[in-house]
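Data block below; observations after.
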């Protein structure tokens, strides 16, 4: 079941073009435009772009207008279609492609498209640097393979349309996965509500080239929060008692956040990942913040952590007589891959060139907001499954030397399109 | 202005008898009875005992019934008059002696009578041990000289009545000074309301024999608090998440109590002096407590500390989802000695045998609830002054080897009675 | 496979006698003597008592001499054989009974014998109170069924000796399980070194009467620690800077202990179960302590917690310039029950009257130092298994109304002796 | 003793030119050059510039090369003499002017010249904005009057040289006062070692126009510190145990820094004024920092705070298994103004037009590294005094609307030059 495979040039070009233009959450203007341009050349039934692809009110953590405007302009300068860009204005990125092909099940595939605020390596051993498609948006990088995911999305669409598939295929190009804030608005868009079978896909994840993971579980439910403390400044030498000290509140919060009780029902996590406060050594600090996250092995465990965290943040503020505003910047539940769909992947993978090892199940051990989409489908009676496609990545995920073996994108296309056409022929 | 002096035998016997029967706050049954018996042999106009000497509702930190009963019985067994004891039942200790002697100012003198929960030294070099009047109430001790104070109170009464004093003298034998919880009920008893001149006295305070301090200031205002946390136990291994952990709340409180902002207006203090919690290593601790104090160089500074402390205790409880009850166990304001009365002491001391050094002013640097009585008098237009009488004390105050030179009690009697008779002759 | 069963009178009397005389760790003088007296009437090959049953140097958390002496005297007064008691002096409790019966495997059975510092219910609905065998050692109670365990130990010995068992049976009557400090000295006694098959047994554990759990896993590795802080007292008002404050150190330790990083490899636990410090509100606290525990789903996870805890305790002391002494008061590793032995239990249980439900596997979710003995046997090539015998217990384990259905002791005897004789007939 | 006065145009122009070019610590390139250019037109005996004016090794908190270079270039572009600038390269700013005028005492005057990182108000009511001399270095501002101080320095030099002064005058133009890191290198430069009388001067300080404070005390000794923590990043969801968490260390440090024991000998202060750490919500934070300060009413009290702070920072790092580097970024002792010199100021002020109120003594209640220079002089047998010159400043010190009444600069010149010539005529 394994020969070498090779990614076709158009897909390679698309992937490299996306890699050259990494864009962060809700700023995927160029990326969306580039994908939509490609989709317009395909024979689709529907193409929902930007606001039509999302429940816009559910978007979290949207950057401020200046930030949006900067990326919007950058996309325009990079050559994105200005009319199309207008559709996305205000941070309504992403799209949903729908292709109806007669009777049969409705199958969904979700790929994510956003990049990370990580400067890309300039080292000669880093392929994108060596071959000239390194990030042109300095400080940002496709360091988690979403450029490959978007390409797989298009490739699977092409392959399915080129097969004897009967039914409806929907491909979801989702923005803002890295901040787990794009999954919910896409899950609530309505486009998932008639989906019978649903796949999401991820490349790499420390699985080598040739390996396929049929069903991934172990998603930690997660909530990103931002707590902003506001107090009162004062001269620290002359009038310390007149200050209301936010750094003290922040420190009390941090100490006690990590000390939220462990839970017998499974893993829990908390991290005060980003903190700051104050203006000068001799001023009682008026403003401070903690940006952090809680997680749990189940949605309930994450809620246990989240409830404690909210209370701790509020009472730490009260303790030091300062105000606090706690907001949610991203969120995702846990989810389970359905065995029926994983089985179909296993069967399909057996026929795909380049596949050398089939892993039935693996744990993610992290978080992913594809779980919102999976649960939406499962709650309405459908089945859902998260598939892993191995690739030899030189640097780890979220590091400056991450890269994918491009031919493994071909493997991803073949495995997913194989599973989807199988489902059309033999519903589970 | 100095020869040696000698304390008369009856006073020596009284002091030693009181020393042999040290009693803690609100349990001064034997002590009060012994003093009242002595007072009954004097020519008094009024004698207010127990409930009549106090605003009973203002008493704080009264021991529970068992504790009161134990000391009550002990006093009876030690030979106190049973009928008299009945008057004191329920922890209404202390008394006020009033002697009217014609026209003239109303002068008050306050002495305190309670002892400390400190085991007394058995060492041969400790005079009470060597001479057979060591504490008979094991674990308790007159380690701050209140046995001498009570004796001075009686001695001053005798000396003034034996002089050409014209006016009214009131001697206040105050319970529960060590816990700063007897001052307020005595201040609010009504008996101070017509006092024109008021003295309080303390022996020792690191001033050697022969030294007299005319006016003491630098009283730190203080509040003793008790915070009792109540949560929910749980098995720490099997179900940690089901507990509501009071030790975590207590620890968060302690850390943040010490971190109350310093104040530019003067000294502040805080101490979590006594803490405890929990039952077993493998149980999430259901109950914990902090007993502590805040102080300030002024009543306002103590209030600054107290407000912060209350808020911190409450929010530490909320932080760990437990309940807390915060109560005040003792309290005293700051106060200032009036210069006019200190001047009279200086003049009187100049005539007293045994006085070798007269100090105009000194700072206490601690707390004392005589300040309640001083302020009561001052607020109603009178004058008040806190006087120090030196003595060579081998051990420090509140240590097991504290003792006084008995002849210095004589000096105290002479200085105070001298000042009081002077005030009668030449009001200030 | 189930009829009702009834516990024979002598066992019932033994159990009730032990219940009437609950003794804590290393003070099981009466208990050991009572068991040894019973064993002496059996036909044993060897009987190792006290120091001969233990690696005495490995004992942890032995009470001080006064405490040992008190319980020793109590045992004498209760009628224990004085000569026998002398053997146990100094807290060398427990014993090992050995019965050789020809060729065959060496089989070990471990039962624990210590009680808990819990006052027993006096309620009429509590059987021991109603039927007159409530604890005579006020404040202590067999609240975890070790009285039943000891009885099972004797019952199994009798049943096996009465069967066609061929081989050697060793019954280990282990002291100090509740403090997980008796397992290690018994494991290192040498008596386990030739054991081929090893069982430990526990009654109750929330399994109802009629239920048998063939193999229990999920032991949390545990370490009990005691951290004693020593600083310097000072007057909190007059000289706060001269103190070295142990309550601050303790609070800093507590806050950070609970915040030890969670671990991806499995459950971890920490609890500051018992804390205290200080002497008076106005004294900077010179002495404080934390008694607590860390646990982990594996021995490695417990070590992760323990390493962090040690470092935190030491650095919290250093942070506040005080000294700390950290000692280990109890310890137990994790362990796994071997499937081969659990299978034999399953087969045996199928034949036992009173058994209505056979559970293959269950998790303890707590800690037990039988694991030391299990691992000792497993490390030397033997097999080990921890068996559960259900009983309807009205109150939970470690509560004042815990009790067992005595007839379930019979079930325990039959299941264990059945398994042991099977092993002799058909080694696994 | 008071008519209105008016500042001469050249001084006004100098002050406004300096105001237009505010420069932070060790970057006072334009400022120094501008002052040196003016000094070169005076009849000086010596002029020590840059490295010759400082003990260069004692400089603290010097910015990195990029920062220095940026300000250096800015100064060049603003028209400063390039050759002169070269002398200052590397952050050797400031100068000392020496004028010998025959026999007589050596008198020193210190003025400081650095600005603050505060954006200046653009409001029409803010005089520098209205009259066109607002800061041209956006984000920086002379918000503490050091532009006026430098002008006073030159004005006093002119006035003294124009008088019948006999002796030597040294004017110290000191860099980096705001960060209390310029005082020590100038104190140790050697130029103070023969100074008999030494003045430092400050404008404003909440004293209104017309007021002169003859001798300022109450300097809080201070130390600025920077603690940089370095740990180990890890994925907060997948591998929390692999991180070494610097935000936890920082928070533990902050909590305990504020809780350093209060001190009975006088005021103490601590502030964690500026904190930060971490990179992303899902990464265990590898790097964090606290920039803060400790202060004390005396140098000893500041040392008490500093010793505790160092220990707390180190042990907080150890507690969370991370590294920490603690460095001192600025420092100043306390000091006392000598009464003899204050008396001379009082006399001089009595003759100065514009002076309406003479205050003998006042407390600064803050910190100032002029104290290094004062102590240097005092330690070698000289006298020192810190003088306040009132001015109606609309905004407070260190706020964006701070400004001075320029005519009060004239008052400052007259008072100081008056005192200095008096000292020459009548040494104290």
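Positions of Cβ are set from backbone N, Cα and C atoms, glycine also.
Among the candidates A:126, A:202, A:207, the one that TrEMBL lists alongside A:144, A:146, A:178, A:398 as binding Mn(2+) is A:202. The binding-site residues listed here are A:202, A:398; among them, A:202 has the most other Cβ atoms within 10 Å of its own Cβ. Residue A:146 (Mn(2+) binding site) is surrounded by 28 other CB atoms, counting those within 10 A of its CB over all protein chains shown. Long-range Cβ neighbours of residue A:144 (Mn(2+) binding site) (same chain, at least 6 residues apart, Cβ-Cβ under 8 Å): A:115, A:116, A:178, A:204, A:397, A:398, A:402.
Apart from A:144, A:146, A:178, A:202, A:398, the Mn(2+) site neighbourhood in this chain, defined by C-beta within 8 angstroms of the site C-beta centre, holds A:112, A:114, A:116, A:142, A:143, A:145, A:177, A:397. For the domain 'Peptidase M20 dimerisation' (A:228-299), the model gives a mean pLDDT of 96. Secondary structure at residue A:202 (Mn(2+) binding site), taken from DSSP and collapsed to helix, strand or coil, is strand.
Within 10 Å of the C-beta of residue A:178 (Mn(2+) binding site) there are 22 other C-beta atoms, taking all protein chains into account.
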